[in-house]
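Pulled from Swiss-Prot:
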{"type": "DOMAIN", "residues": "70-145", "note": "domain 'Thyroglobulin type-1'"}
{"type": "DISULFID", "residues": "C73-C108", "note": "disulfide bond"}
{"type": "DISULFID", "residues": "C119-C125", "note": "disulfide bond"}
{"type": "DISULFID", "residues": "C127-C145", "note": "disulfide bond"}
{"type": "TRANSMEM", "residues": "275-297", "note": "transmembrane segment"}
{"type": "TOPO_DOM", "residues": "298-323", "note": "topological domain 'Cytoplasmic'"}
Amino acid sequence: MARGPGLAPPPLRLPLLLLVLAAVTGHTAAQDNCTCPTNKMTVCSPDGPGGRCQCRALGSGMAVDCSTLTSKCLLLKARMSAPKNARTLVRPSEHALVDNDGLYDPDCDPEGRFKARQCNQTSVCWCVNSVGVRRTDKGDLSLRCDELVRTHHILIDLRHRPTAGAFNHSDLDAELRRLFRERYRLHPKFVAAVHYEQPTIQIELRQNTSQKAAGDVDIGDAAYYFERDIKGESLFQGRGGLDLRVRGEPLQVERTLIYYLDEIPPKFSMKRLTAGLIAVIVVVVVALVAGMAVLVITNRRKSGKYKKVEIKELGELRKEPSL
């Protein structure tokens, strides 16, 4: 029996229903996948324009661009504010320091960069460079830091664990350049050189103000991500630990030192001499004085012995009978 025209379903109802279901499913999936792949120390939610995923750094609450590396200043602030019971977040050990002064709670500007003056939420202040490392003596709140001095040269000094033989320098160079290009998205031109003398590896990163274009990853941020990877505290979301291999052979790093060179030399006074350095100087001076004293005493003893021998010989000559 033929149906009446009022009973026939509209031909577009089913496709429209499928589109609605697909949209809802896609939106739910987007919410489930709302994470920041380049920074796990973020809080993400689909509250951006059009319901897009938006991530904000812990501590500062600033929105971050998850298509590139997060600035080191925002990362340090996030590490300082991370709750102790947050198992999914990086909590640095007491010995995981970025410089000799250790970890501190930095002040960041609206672009996520370090402010030139840092006080660690106290009345003690100092000036830092673009990577947040102290470059002056510490002072009080009256201390002035006129500009944020850029770090244009970073030397990463590594020591790898003993291996059966030395790595091929060319293969090692190529692997480390690939790592910085693919994992840290640093333009190859900023990896100036890779040096190798078993077991020491040195990676030189160079980037001055005129070379860095909009969108370029900063060498300070790349070096910091690399440092955290090496120490087993990766900042990337959902990625495994760093697995470095050269021609299939694992490259295991056991020591990392990072040196920073600024465009303007740092300003430290003699107060920067540490107790250890002063102790070394004192030991050297004492050793020199002791050595000189021993030398003088030895010379005097030798001189006195010669005089006694001469006097004895003269006495014997006087006792001999004359012919």
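Residue numbering: from 1, along the chain as shown.
Glycine too: its Cβ is placed from the backbone N, Cα and C atoms.
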Key: Rounded Cα-Cα span from C119 (disulfide bond) to C108 (disulfide bond), Å   = 12
Note = Around the Cβ of C119 (disulfide bond), other Cβ atoms found within 10 Å total 19
Ask   = Between 0 and 100, where does the mean pLDDT of the topological domain 'Cytoplasmic' (298-323) sit?
value = 60
Task = List the same-chain residues at least 6 positions away in sequence whose Cβ sits under 8 Å from the Cβ of C145 (disulfide bond), in sequence order, or say none.
result = A116, R117, C127, V128, T136
Note = CB neighbours within 10 A of C73 (disulfide bond), counting all protein chains shown, number 28
Remark   = Excluding its own, the Cβ atoms lying within 10 Å of the Cβ of C108 (disulfide bond) add up to 21
Remark   = Fewest C-beta neighbours within 10 angstroms among the disulfide-bonded residues C125, C127 belongs to C125
Request  = Measuring Cα to Cα, tell me the gap between C119 (disulfide bond) and C73 (disulfide bond) in whole angstrom.
outcome  = 14
Query = How many Å separate the Cα atoms of C125 (disulfide bond) and C73 (disulfide bond)?
reply = 16
